[in-house]
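For reference, Swiss-Prot has these:
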BINDING   Cys68, Cys70, Cys83, Cys86  Zn(2+) 1 binding site
BINDING   Asp459, Asp461, Asp463  Mg(2+) binding site
BINDING   Cys805, Cys879, Cys886, Cys889  Zn(2+) 2 binding site
REGION    1407-1429  region 'Disordered'
COMPBIAS  1419-1429  compositional bias 'Polar residues'
Amino acid sequence: MSIGETSNYDRINDYASVRISLARPQDIKAWSFGEVKKPETINYRTYRPEKDGLFCERIFGPEKDWECACGKYRGMKYKGMICDRCGVKVTHSRVRRKRMGHIELAAPVVHIWFFKAMPSRLGNLLAMKTSSLEKVIYFQDYVVTDPKDTDLEMLQLLTEEEYRAARQQYGSGSFQADMGAEAVRDLLNKLDLVTLSDQLRVDLAETGSKQKKKDLINRLKIVESIRDSDNRPEWMVLDVIPVIPPDLRPLVLLDSGNFATSDLNDLYRRIINRNNRLRKLVDLNAPEVIIRNEKRMLQQSVDALFDNNRCKRPVLGSSNRPLKSLTDMIKGKQGRFRENLLGKRVDYSARSVIVVGPRLKLHQCGLPKKIALELYQPFIIRRLKELGHADTIKSAKKMLERKDEEVWDILEQVITNHPVLLNRAPTLHRMGIQAFEPTLVEGNAIHLHPLVCKGFNADFDGDQMAVHLPLSIEAQVEAHTLMMSTNNVFAPSNGKPIMSPSQDIVMGCYFMTVEMPDQKGEGMTFSTYEEVDYALAQGIVGLHTRIKLRLPKYQKLKTDDESGEYGAIIDTTPGRVRFNEMLPVGMDFYNRAMRSGDLAKSISDCYQRLGRKATIHLLDDMMQTGFRESTRSGLSFATDDLVTPDTKLQFIKEAEKEVMKHKKAYDRGLMTGKERYNQVLDAWTHAREAITADMMSAMENDIRPGGWYINPVFLMSHSGARGGIEQIRQLAGMRGLMAKPTGEIIETPIKANFREGLSVLEYFSSTHGARKGLADTALKTADSGYLTRKLADVAQNVVVTMHDCGTTQGITKGVVYRGEKVEVSLAESINGRVSLKSIVNPVTDEVIVEANQMITPEIARNIEAMGLEKIQVRTPMSCDAPLGVCRCCYGMDMSTGSMVEEGMAVGIIAAQSIGEPGTQLTMRTFHIGGSVSKQVEESDIKTSRDGEVRLTRMKAVTNAEGRDIVLTRNGQIMLVDDRGREVESYDIPTGAMLMVKEGDKVTAGQVLCEWNPYSIPILSEVTGKIRFEDVVEGETMRLDREASGNTRMTIIDHKGDLHPQLVIEDETGRPLHAQYLPERATISVKEGEEVIPGKVLAEMPRETGGVSDITGGLPRVTEIFEARKPKDPAVIAEVDGEVEILSERKRGKRTIIVRSESGIEREHLVPHGKHFLVHTGDIVKAGQALVDGALVPHDILRVTGEEAVQQYLLHEIQQVYRSQRVEINDKHGEIIIARMLRKVKIENAGDTNLLPGSVMDRFHFRKANQDLQKCIKIANPGDTDYTEGTIVPKEAFEQTNAEVEAMGGTPAKGKRCKSATASTQLLGITKAAVQSNSFISAASFQETTKVLTEAALAGKVDKLVGLKENVILGHLIPAGTGFRIFQESEVNYRREALEELSQAPVSALEESFPLLGGDGEPASTTSSTTEGE
């Protein structure tokens, strides 16, 4: 290929795939430059390498550049000569990093990876136990390699005595047995993989036992993988060992005169010593025992070289630590993969402290002159030479050191339009590195624009940042067009602006837009903005005065439903007028006190209406305005501004009374200790909430002697500038309840606040929480980082690869409720998705959205306005793209608001979006200092609309007071309107007391039912007398003597066949009903007591209490993504149908039978101690929980299918994040879940050659079936050469038949092939990442040894489709600008476009970057893309 054809980068790296396989002995010799015969390294007197030693110059190349060992040839002129005296080739000393040597072994050894790493490949292949194999390899036992005519078995182990006895019995030469690696090699040589594979398949079809099947499949896998590769099994036994280049295992002379050496040299030295000794012994014809011992030691020393940690006794170094072997070099965080290949460092960068740069524009940063001078050095030198200030590089450098005047002028020129990258560690998401245009500043600190801080998560309390300089023109263009801070206005995780004002800016904007009564000039009317400005400047009106204003003709008032009219007269304040003057033309008039949320909203609005440029200007203006106004306001706060409400004491007294009341009730035995504890916590929580509410309103309406007063503390908190209600409550209200480190809540609250000061006791009880907060932070950061790493690894190769995969599947998205409140509206949950079907307005018949069209925020609002609850959209979880995802299934790129582009690395973005808040949230605990924010428990349901009551699936009994008590678990109250349509439905918990009857008319706000929030009652359904059964003290029940002197019976965790229950009998003693008692239930009746329906027999505590923060959340997220089975799982119904609970037990478990309408019966075994959620006669749906406990995602997948488990996992993840008020778009979770469900397990192989029970990628599986459909199975061969049952391609079949018929023979008959069937597997992310199709990616993640062993045996080929493999090999990643389409496209310029460009007035930016169009968008180019893989 001529130079002209190659593109601008080196084609040497342009290989498309990487293959790994076993090295043949001749390969190892071919790599080598000579045999290492001596264990010596270097001569301690001359410090020159010893000949034929481990550092020999003849083998590995010269120590000094262009100089042979003896010094006969010196200098470049002898390049390539081989010295006749010392045999060294004259060349560069760099070759000592490349040239390898070898060691010829006197006896073969087995590679430790193949027999010691579990599962043992050799053991599997030979069907031997690993322990037996080790006995043979380490010369303890003989193995029979050929029994000939004797009674011995093949592969039978014989001890020394047995071997001797057998030889005497059968005579020498009558059978063959051997030990050591030679024996293993003999056995491997005798394997015929093809027949073995057929035999195994036959055995597999015949066997019935599950374990046998598993073993056979494992063995078959290895046999087939070796058979299909070019490997021979005997290559696992080595004759020759490669020696790695000496500069990769250096020996360094220290100042003290000692040598520091790599551990590998010691390991090689042991091998060479033992090998040479073995040679001598063989030559001397030493006794067998001695030779055998030497061979064993050789095997052990080779094992230590390859993998020292797997040896029985690892070789120890000087300080009693195991030496680092070759395996340790590549695995783990410090190994080759993660330290050197994935963790490369930039060789020239600067770092310094950051300070705020309020005068910078959004795309700028301030760079200290020192840093700029150093970073831009080569560019400056080039310019100095061009301008003739310096002749040589050396003189130019001198000028730089002297800091001459010309240098500064040139520096100014060089930095224009040459962006720099700023990075702040930890870089948790892509906003951690952004590009800026540098401006030179004095001093040593980097100046950073305040608005980009949120993306970097930076503050100015001493944070440091690193500066990098993109060098090539491509890198500069990328930095400019893609990474510029102006392109990162919106967060890719949720599409909200990440560059929204905070702190002082918010405070300034809020202060200027606040209105106050009784100010100077109240009630004046103005016709234009200018008049208001004039009046304000003259002091006729104040900033907060209430005035009237006529809006300009082009502006309307901002309202939620966009109904304002243009040019209306509005009530506002001069401050708000000033704020709105700052907004660009085309925006509505925001007539409200601007809190941080409103400011963020205004930025989103601006972007949607006026585009990116206007938004950037708005951000800069908003910052200037905010800073200016907050300075002018002169806000600060004093202790007096922390207003404690006067009602505080009264609330505390009430709470204390309440606590006393509960204590008395407890003493009289009316409630359990647990109940009392919960009620006490509740009383204090109520008091605290009430005090807080009063405190906030007192601050809001703060009136001081001088009239109205803006309370600065309230202003900061309310505007969202700093400090939450939580913190103010602790300063001015009441600190409230504290948590112990266990998460339990201490029931005596802290009644004081920080302003009043804490007593010693109060201070002591708050140290718990504070300390836990700090400890948590330290521990959880690591966990969160690990989660991010696992997510990134599992999703790294998900890139947008095509426009539309053409799938017809999707997922249902709807409103998300939390309790009764709408947590996510429909518009929010479908925004940015692609609709699966077209949606038509039934009233007007207009198409709101077409099928496969993206739903914009506007369309989403229209769909919601139609009153739909759910719609179907495309999702990455059902995408059919064989690689990555397609644009339609992904939808909108959240950071730009338009359809995602091909080549976008959406997997990494998903991983960052989920992982980044994990780290954030782990760090959030300590700000509040452990004070508990316990939710007040709900204990009733109120209607939110009017309607008529319908009760569904409800079973109830009437108690003594005549109220209905609900018995069922899944009962619902539905409200219907006058047309009978359902408007609301509420799930009713067990044991709730109904306040309404069927058909009642209710109004909004009416109570439908009430319940005790702390316990679930177990109620009697019949009238009768109580008899206890299996309630045995000390075995199934414990008597709790409470402090009040009462005793309580509590059911405890029990083993064996006792099943505690309450039996209700009639007068004759006939049992009417048996009520099973679950663990932790307390019995509320006495033996022999008469009961009536609705009477409480026992109580179960409801799960409440404890503090929920994401520390509980992070492990939960990990648990979901790892698809772990929960500790104490629920049993779910396998089919729809009616429940019957059997009284007899199997193996100590109770049985629930579910009968479907079609008569299918399924038994469900329930471990004892579980609380049943269903009763006999209930109707259940498949997948519904029958007993308490967490659901198992694998069960959901098995019973109710993929969509159900997808929805479940997504919902669970979102619940954790939403409870922390972290918004993450669903699609990020969906991408990860799609990776977890990508593998299938072969159930029945059909006529394919897949292995039943093996796990594979669903697309490979689908392809295998599709290929099979192009074939035909021979049923009757006729006169053809086919045999019955073979599979042949259809074309060949037809052709052969045509030929046979032409000859007058009988054609073959064929039948359709049977496809394979498989079931979807749910894998945890770690497992999914390790099972990646790319062995390079998997090996660099975890379990390196295992992955590489497997890949080498199978001769795997890595196609380099993911990002990680390409990073490791130093290629461009196949995403973004490195994506196939962009790499292969050519740009054709349109003549007219070029002419237009040449006439347009050009900005400085465009001069340097002609690629940038007017709005920072690329200029239009027609690209002829060469398609095709």
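All positions are counted from 1 along the displayed chain.
Heads up, the Cβ atoms here are built off N, Cα and C, so glycines get one too.
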Shell list (Mg(2+); ref centroid = CB of Asp459, Asp461, Asp463; cutoff 8 A):
Ile354, Ala458, Phe460, Gly462
Can you grab the distance from Cys68 (Zn(2+) 1 binding site) over to Cys889 (Zn(2+) 2 binding site)? Cα atoms, rounded to a whole Å.
64
If you measure Cys889 (Zn(2+) 2 binding site) to Cys86 (Zn(2+) 1 binding site) at Cα, how many Å is it?
68
Which of Cys70, Cys83, Cys879, Cys886, all binding-site residues, has a Cβ with the fewest other Cβ atoms inside 10 Å:
Cys70
Determine which residues of the same chain, besides Cys68, Cys70, Cys83, Cys86, have their CB within 8 A of the center of the CB atoms at the recorded Zn(2+) 1 site, and list them by sequence.
Glu57, Ala69, Gly71, Lys72, Tyr73, Asp84, Arg85, Gly87, Val88
Round to a whole number and give the Cα-to-Cα distance in Å for the pair Cys83 (Zn(2+) 1 binding site) and Asp463 (Mg(2+) binding site).
59
Quick one: give me the count of other CB atoms within 10 A of the CB of Cys68 (Zn(2+) 1 binding site).
25
Count of other CB atoms lying within 10 Å of the CB belonging to Asp463 (Mg(2+) binding site):
17
Among the binding-site residues listed here (Cys86, Cys879, Cys886), which has the Cα closest to the Cα of Asp461 (Mg(2+) binding site)?
Cys886
Nearest by CA distance to Cys70 (Zn(2+) 1 binding site): which of the binding-site residues is it, out of Asp459, Asp463, Cys805, Cys879, Cys886?
Asp463
For a quick check of packing: other C-beta atoms within 10 Å of the C-beta of Cys805 (Zn(2+) 2 binding site), how many?
18
Looking only at Cys86, Cys889, which of these binding-site residues has the biggest number of Cβ atoms within 10 Å around its Cβ?
Cys889
Do you know which of the binding-site residues Asp459, Asp461 has the most other C-beta atoms within 10 angstroms of its C-beta?
Asp459
Integer Å distance between the CA atoms belonging to Asp463 (Mg(2+) binding site) and Cys805 (Zn(2+) 2 binding site):
46
DSSP-derived structure type at Cys886 (Zn(2+) 2 binding site), helix or strand or else coil:
strand
Nearest by CA distance to Asp459 (Mg(2+) binding site): which of the binding-site residues is it, out of Cys86, Cys879, Cys886?
Cys886
Starting from the Cβ centroid of Cys805, Cys879, Cys886, Cys889, which together make up the recorded Zn(2+) 2 site, report each further residue of the same chain whose Cβ lies within 8 Å of that point, ordered by sequence.
Met802, Asp804, Thr807, Arg874, Pro876, Ser878, Asp880, Ala881, Val885, Arg887, Cys888, Tyr890
What whole-number Å value do you get for the CA-CA distance of Cys879 (Zn(2+) 2 binding site) and Asp463 (Mg(2+) binding site)?
43
At the level of the C-alpha atoms, what whole-angstrom distance separates Asp463 (Mg(2+) binding site) and Cys886 (Zn(2+) 2 binding site)?
40
